[in-house]
Amino acid sequence: MDLQPLSGIEYIILVEILFQQVLVLLICLFMASYGHSLRRRCQNRREVRYRMSVQVSKIISHLHYIINDNGSVCIDKLKMDRNAFHTLVLFTKDIGGLTDSKSMSSSEKLAMFLNILAHHEKNRSIKVDYIRSGWSVSQDFNECLSAILKLAPLLLVNPKPVLEDGIEDRWKWFEVGNYYLCDGGYTNGKGFLSPYRCYRYWLKDWRDDNPSPRCKEELFNMRHARARNVIERAFGLLKGRWGILRSSSWYSINIHNRIISACCLIHNFIRREMEVDPLDIDIEEQMEYQHENVNVIESSEEWTTWRDELAQSMWNTRFNN
């Protein structure tokens, strides 16, 4: 069959038909690709929803395990029992202004905060345990810190002066002026009342079969240690409860000062709310006494004379009674 050359009009029609067919093909390819993308997108959304549901479930399960399921775990992780924890949550919300966020409850925020204080955990450890981002852990820590500090009017205990007619034998000998009761590493000078060196000092030195104080210096040292032991024990409880106080911190000085105040406030709260404090044991037996010489306080003749007079008064009173 002979092929006849196309006229101009026929050529234009053929080109237009080919263009339309190519256009239809492109549309079909686009629709196929778009449909696959839609299916993939829907699948991704289902996967995200699934992962979120699993994550929320794990978060709730972990928090429930700490504060509801096991009392000993709650005390270990948060340093208080479940009743005390729930009471503290109410205080931080009603007084401290702690709020539930869209994705995190006040209970979870406070649990993470107490966990960090108790064990000096880093953000990367907390975010794994609680399945949160490091940013969320940091933000919630600061929010809880501010909320706890607002409880100061409720939890801060004002010190009471030691009166001359006080009946507490532990303190009545040390009511004069303002000064520090120091161990033997300090020089006895103005503002620093230290024990006699080269004489027995620690309370265990007079326990069991050990003889009672045999001179005014030993009697002074025993009563000095008994009074100072209250202070040592308080610091021992604080450090025993809050791991963040037992080592150097990566927080700034300003934040760390606030952390120390928060630890003291929560300590007071625990002592008030819990009938039995797990740490209320004989801290004295666990203390490690470290002596550090302080060279900036010079020995004072005035304070040495006063210490001798105080020791003699103790000795005389002991035999007169």
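Just so you know, glycine gets a Cβ as well, placed from its N, Cα and C.
According to TrEMBL, the features are:
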type     : residues : note
TRANSMEM : 12-35    : transmembrane segment
DOMAIN   : 64-150   : domain 'DUF8040'
DOMAIN   : 174-268  : domain 'DDE Tnp4'
With DSSP as the yardstick, break the domain 'DUF8040' (64-150) down into helix, strand and coil residue counts. 65 helix, 0 strand, 22 coil
Average pLDDT across the domain 'DDE Tnp4' (174-268)? 87
Looking only at the domain 'DDE Tnp4' (174-268), what are its DSSP counts of helix, strand and coil residues? 50 helix, 5 strand, 40 coil
